[in-house]
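Contents: one structure, followed by commentary.
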């Protein structure tokens with residue numbers, strides 16, 4: 001997954017540092033697969049507005065891993081994976097509490113899950129019913145962890161408070177030569 005993310009990230013539609021409406025840059029690097037997500041408009045489309053790049057296709061190997069996780073979590077309906085947001089967090093990376101609610105009304109109404117896969121350094125993941133970080137529950141997501149939010153939990157506020165440096169498995173660092181940080185792939189159905 002790491003080498004495939006690296007290859008896709010260097011090509012057309014690859015990693016970039018997104019901005020919000022107010023011009024502030026997110027503290028991560030992002031790439032959309034399947035459909036492009038525009039954080040300014042909070043919507044999905046075929047191309048990125050700032051450079052016209054098309055979203056690379058979601059690789060079959062990625063789909064297989066996410067679909068396997070989805071089928072193991074049998075309490076959630078199976079989804080038709082047509083979007084994958086890949087975020088790369090440096091050691092100073094973070095993402096404030098937010099809701100993933102830019103998918104179709106049908107997807108949100110049905111509570112279709114999103115499937116999140118963590119690679120490399122551990123991150124403190126926070127979630128809760130509000131945007132209040134002091135009230136949020138915090139757990140560690142380690143390399144290889146899969147998190148699925150769906151049904152009643154689909155619209156929980158969630159985010160990354162910080163990345164814990166030097167926590168990636170040593171074999172992974174040696175094999176991939178990745179810079180310190182964290183990759184997260186989040187799959188969903190529009």
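Just so you know, glycine gets a Cβ as well, placed from its N, Cα and C.
Annotated features in TrEMBL:
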DOMAIN    80-190  domain 'Fe2OG dioxygenase'
BINDING   98, 100, 158  Fe cation binding site
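Other than the site residues 98, 100, 158, same-chain residues with C-beta atoms no more than 8 angstroms from the centre of those residues' C-beta atoms, the Fe cation site, are 97, 99, 101, 156, 157, 159. Mean pLDDT of the predicted structure over the domain 'Fe2OG dioxygenase' (80-190): 95. For the binding-site residues 98, 100, 158, the ranking by surrounding Cβ atoms (within 10 Å, all protein chains) places 158 first.
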